[in-house]
């Protein structure tokens, strides 16, 4: 049996921008992508701590060490600059493997989205 489990989580990161006119996605600082094992184009779920919105989009790479977290396209309507969000991705795996699987968990500094 296959089940879906949390693979990666960037917990409580601050939105730095919202670009309604971009074609879609979420731009994430490359350092955060690498630390969380999320790849460009991967589907991610977003939970907005400030307003309770939950939605999905896909990740694109932002500049390294920029702290950028920008929601693009229609998703830009779901956030405001300064909102705190959680970014999660999931993976399917065998039920037995899932019992011991450990997700990548990242806890950035909410002030500048750094890992310091």
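Glycine residues also receive a Cβ, built from the backbone N, Cα and C atoms like all the rest.
Counting every protein chain shown, the number of other Cβ atoms lying within 10 Å of the Cβ of residue 25 (pyruvic acid (Ser)) is 19. Per Swiss-Prot, the feature pyruvic acid (Ser) maps to 25.
Look at Swiss-Prot and you will find 25 tagged as active site, schiff-base intermediate with substrate. Under the three-state DSSP scheme, residue 25 (pyruvic acid (Ser)) falls in the strand class.
In this structure, residue 74 (substrate binding site) is part of a helix by DSSP. Annotation for residue 74 (substrate binding site): same-chain Cβ neighbours under 8 Å, separated by at least 6 residues, are 20, 24. The feature substrate binding site is assigned by Swiss-Prot to 57, 73, 74, 75, with sequence analysis given as support.
With a 10 A radius on its CB, residue 58 (active site, proton donor) counts 17 other CB atoms from all the protein chains. Per Swiss-Prot, the feature active site, proton donor maps to 58.
The substrate site, placed at the center of the C-beta atoms of 57, 73, 74, 75, has further neighbours from the same chain whose C-beta lies within 8 angstroms: 24, 25, 26, 55, 71, 72, 76, 77, 78.
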